[in-house]
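Below is one structure, written out as structure tokens; the observations come after it.
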Ligand SMILES: NC(=O)C1=CN([C@@H]2O[C@H](COP(=O)(O)OP(=O)(O)OC[C@H]3O[C@@H](n4cnc5c(N)ncnc54)[C@H](OP(=O)(O)O)[C@@H]3O)[C@@H](O)[C@H]2O)C=CC1
Ligand SMILES: O=C([O-])CC(=O)C(=O)O
């Protein structure tokens, strides 16, 4: 501990013995996410299934000799593991197995998020921030938010930064420019195949992307599904879902909240839509363009241009989230018990 170091930040992580965490934990401990003057404690949640594996993770963290890693706590009881947490990175979730319907996945994972949100509500720091990665992440976050009434609703996020990074990569490749020149890219809506990568507001080297890539058919009919289905394409190649790039995008998400957003730029995060300027149903976790002044908080940017095409796409993703919400009414205190109307099997990005 040196005098220039900040107070230790407590970071709880679930699914800590899983693939994504296997990359992420080492990035967090190295200081590349929260800064080289920010010591952290890791509070890792496992289960009976992963008890031994989690001890293995802790051994690797110990052997890495990270100066900023103040402590590593392991456990299988969220009430103990989430104690005083400043951040909860909720990565653990059951993957959809063969023959399992999406509404079953919503129910099984939703129950995990009820339990974890109740524990966070009781024992986490009163300003704890939550990032849900486990799928279906938007609706899991909505369930979490409604089961943690004493924590600020705006502190719940679901990860759509991987989708933003995928969109930036495709725009850069098509334009023949380096990806650092691609800015102001928002992926709106649900982290599913209805997500909406926004090329209308995106910029390449400071110009509107559609003035650099003068191919509206490619933007609408190739770029959009390519980004939305990227997770599935990767699974076909790799035989498992994106783990390293997801960890990188979680790091990017966190950093975006602690570094002021440059003027004219944005980052994507799925947040509570209450009071949103785009007319999206207020009781959804919906990905929108946000900016931060670097204090860990964010605001929704209110001047993105929405044309008819974009509006119709946003509506599709909103409708899907409304249906998902109807399917988890039994997990949301005080919600109306609507009929679960997911008839056609909608997809996570990794499931196409
Ligand atoms: N939002 C996004 O952009 C992305 C989201 N994802 C999602 O992130 C999640 C984690 O992915 P990944 O790390 O690759 O997955 P892994 O399968 O490697 O790890 C998931 C962890 O979830 C935990 N888990 C919790 N409940 C269950 C359960 N009922 N059955 C089985 N495992 C359970 C397990 O840990 P334990 O036994 O310790 O509880 C397991 O280690 C998935 O839901 C995936 O779909 C993935 C990529 C991108
Ligand atoms: O469906 C999955 O598990 C993977 C996923 O979310 C993605 O790659 O975007």
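Just so it is clear, glycine is given a Cβ too, placed from its N, Cα and C backbone atoms.
Given the structure is predicted, the values throughout are model-derived calculations rather than measurements.
Site annotation for substrate in TrEMBL covers 102, 135, 166, and the matching candidate from 96, 126 is 96. Within 109, 165, 184, the residue that TrEMBL lists together with 133, 134, 135 for binding NAD(+) is 109. Compute the center of the Cβ atoms of 109, 133, 134, 135, which mark the site for NAD(+); besides them, the chain residues with Cβ within 8 Å of that center are 90, 91, 92, 93, 132, 136, 137, 140.
The number of other CB atoms found within 10 A of the CB of residue 134 (NAD(+) binding site), across every protein chain shown, is 24.
Checking the recorded positions 134, 135, 166, 191 against ligand 1, the ones with a C-beta less than 6 Å from an atom of that molecule are 134, 135, 191. Secondary structure from DSSP puts residue 135 (substrate binding site) in coil.
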